[in-house]
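Have a look at the structure below, then the notes.
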Amino acid sequence: MTTTLTMVKTGGKYANEKFFGVRHVQCVLCFFCLAMSYAWRVNLSVALVAMEEPRTDNSTNSSTESGQDDSAKGLFDAEEYYKFTESQSSYMLSSFFFGYIVTQVPGGYIAQRYGAKILLMWGLGIAAVMTMISPLSLKLGGWFALCCVRFAMGLSQGAVHPATHSLLSKWSPAEERGILGTICYSGAQFGTVVMLATSGFIADSFMGWPSIFYLGGACGFIWILFWYFFSASTPEEHKMISEGELKFITESRSDGKMQSAEKLAPTPWVAIFSSMPFLSLLIVHCTHMFGFWLLLTQIPSYMKNIYDVNIKSSALLSSLPYMVMLLMSFFFVWLSKVLQRKEGVSLSLNRKLFNSIGHWIPVFSLIALGYVPREDAALAVTLLCLTVGISAATYLGFQVNHIDLSPNYAGTLMGLTNGAANVMSGIAPLAVGQIVQDRSSVSDWRLVFFLAAAFYFVGNLLFIIFGRTEVQWWDSPRDRENREDAEQGTPLAPNGHNK
């Protein structure tokens, strides 16, 4: 009698391949993990505008006339407003990244050795607490205290990307890597959109700007419950996965040799840092994040000071480019699938094509953005949507190249490149603070956009020249010395034991 396992593969297709499976549940959970992570990062860019701008009398009067009691008013009290210098604002926006870079590599190593589940749960839990106490820290200790809280939040979130990459390397079949990676990382745009679109209304409501932090942090604790019950670090550890889906994942997740945690060789640091494919990946990740976070943190300020857009309208317009990016990410997944079916389109060409779309088209739109006159806000928004939206193509470019190069050390590679890239993310708002001496000066902002365009151009050029998609020899360094030590296609058992 034919068993389930013998019927797992039929006609070159796995029975579970086309259905929504447990692997997709992991990616949906990671989607919301990334959504909250990015929402908590970007909330300050809108809140800073709201902190300096007292609410309208209508909102204050309506809350008073509605019979709001003193206890409720105390909880949502937003009557304290601040006047920050450009330098102070830059430090508050950058402090998150200086904490974030510290835990990148340790986070990747821990996820690689001990699993991503607990690491992400604790990281998001601490970040949720830091988010909720942000208004109190500002009230008690001023802007410097808020910098410290943001630094601690950065420390707790440092492992998010490396752990997600480590999870993807265990859960994603090679041919689904693009779509599953896009599901996970498009959560960043979703969180950005929701935060930017709603925070202006929240700040202008009876709850006031502190509720931007309170409501965001509360969502984190809801996510933790779902993550605890429905996630697992590897398919082998998940209690609800079917035998068919498990076999499909373990037999197709890598063309190389996926090794268990116990058999995995020590991280080959020298080989990694002498690898040109890795170094080009490192550089393009840095240049991408500089441009991306420069726009993400500065769009609200740019819209308000150049086009005199109020806090609610600024938040909505600032979120629009990231909504476009969210939608474009799935269009590019479809386009990638179409190209994969065509002969002569290699994985390397696919990666470099999409990376070029995501970086070189924004070069031209950023240059054009620098010449948009004050009275043409609609054109500015259009160019911002093009610049940010088209960058979704990089999800199919460099952003999954870590797993291409080394499935076994993907978490560590992401920790290395994302750590370095977020140094650039922290430098970006500081650079704006030095360049933009007058926030209402179009010429000052033009220099900012030119700088971002230059970074995008150089980074992608190096990736085209030196980037590779083949699994590197140092992914299984012990295999060069003794091929019998490598585990060809051996599934990862729970807790790293062999099956």
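Each residue, glycine too, has its Cβ placed from N, Cα and C.
Lifted from TrEMBL, the feature list:
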type: TRANSMEM; residues: 20-40; note: transmembrane segment
type: DOMAIN; residues: 43-471; note: domain 'Major facilitator superfamily (MFS) profile'
type: TRANSMEM; residues: 91-111; note: transmembrane segment
type: TRANSMEM; residues: 118-136; note: transmembrane segment
type: TRANSMEM; residues: 180-203; note: transmembrane segment
type: TRANSMEM; residues: 209-230; note: transmembrane segment
type: TRANSMEM; residues: 269-295; note: transmembrane segment
type: TRANSMEM; residues: 315-333; note: transmembrane segment
type: TRANSMEM; residues: 353-372; note: transmembrane segment
type: TRANSMEM; residues: 378-398; note: transmembrane segment
type: TRANSMEM; residues: 410-435; note: transmembrane segment
type: TRANSMEM; residues: 447-466; note: transmembrane segment
type: REGION; residues: 479-499; note: region 'Disordered'
The transmembrane segment (20-40) vs the transmembrane segment (410-435): 3 or more CB pairs under 8 Å: no
Interface present between the transmembrane segment (209-230) and the transmembrane segment (180-203) (three or more C-beta pairs under 8 A): yes
Among the ranges 209-230, 269-295, 353-372, 378-398, 410-435, the one whose Cβ pairs under 8 Å to the transmembrane segment (447-466) are most numerous: 269-295
Cβ pairs under 8 Å between the transmembrane segment (353-372) and the transmembrane segment (410-435), at least three: no
For the domain 'Major facilitator superfamily (MFS) profile' (43-471), the mean pLDDT of the predicted model: 84
Distal contacts, the transmembrane segment (378-398) - CB-CB under 8 A, six or more residues away: 178, 181-182, 185-186, 189, 281, 284-285, 288, 292, 295, 299, 303, 306-307, 317, 320-322, 324-329, 331-333, 336, 350-352, 354-359, 361-362, 365-366, 368-369, 372, 463, 467
